[in-house]
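Chemist: Following this message is one structure expressed as structure tokens.
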Amino acid sequence: MKYIVGANSGWMHMLVWLGLFGLVASFHGIILGYSRQIFALAREGYLPEWLAKVHPRFKTPYRAILAGGVVGIAAIYSDELIQFGGQTLTANIVTMSVFGAIVMYIVSMASLFKLRRSQPNLERPFRAPLYPIFPAFAILAALVCLGTMVYFNGLVALVFLGFLAFGYAYFLATRSQRASAPGDVLLEE
């Protein structure tokens, strides 16, 4: 950036401040997102029930916020201690997040094709443009991205598959816990 706008340029300072402002805004969004995910998973029985408690005064999922914060702080302090595949812990977590996003795109596109075939009369407020061409291109592009990610990050891909297997085993093991969890009142109405 210094090369483009100059080290002492006013533009440089403005861009740095804009970046910092965006970073702070992103942190707020991340905190909001992870805490609500932990809260919802605990409320539905996937995580311990005590994580689903809401603060009596502020009505926020304070335990979920603190739990996610503890995990984040532990990841920061162990970043250089835990390395595999030639990358730090944070880099591997980001890479696994990309694997998760790509797999989610593939599953989403596959479910679009499946639902169009199995439920042709289902109400669809949104129609995929140029179906089936655009969705087919999207799934093909996602498969190419997944293949590229696996090629360049083979060890991390194996760890990701291990996490998927562990998650599925956990899902099966907590079946009775989820069955006894209270239902979502808003969804039942």
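Indices start at 1 and increase along the chain as displayed.
Note: Cβ is positioned from N, Cα and C throughout, glycine not excepted.
Relevant sequence annotations retrieved from TrEMBL are reproduced here:
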type	residues	note
TRANSMEM	12-34	transmembrane segment
TRANSMEM	60-77	transmembrane segment
TRANSMEM	89-107	transmembrane segment
TRANSMEM	128-149	transmembrane segment
TRANSMEM	155-173	transmembrane segment
Chemist: Taking residues 6+ outside the transmembrane segment (89-107), which of them lie with a CB under 8 Å of any CB in it?
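Modeler: Those are 75-76, 78-83, 138-139, 142-143, 145-146, 149, 153, 156-157, 159-160, 163, in sequence order.
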Chemist: Do any residues of this chain, six or more beyond the ends of the transmembrane segment (60-77), have a C-beta under 8 angstroms from a C-beta of it, and if so which?
Modeler: 31, 34-36, 38-39, 42, 50-54, 89-90, 93
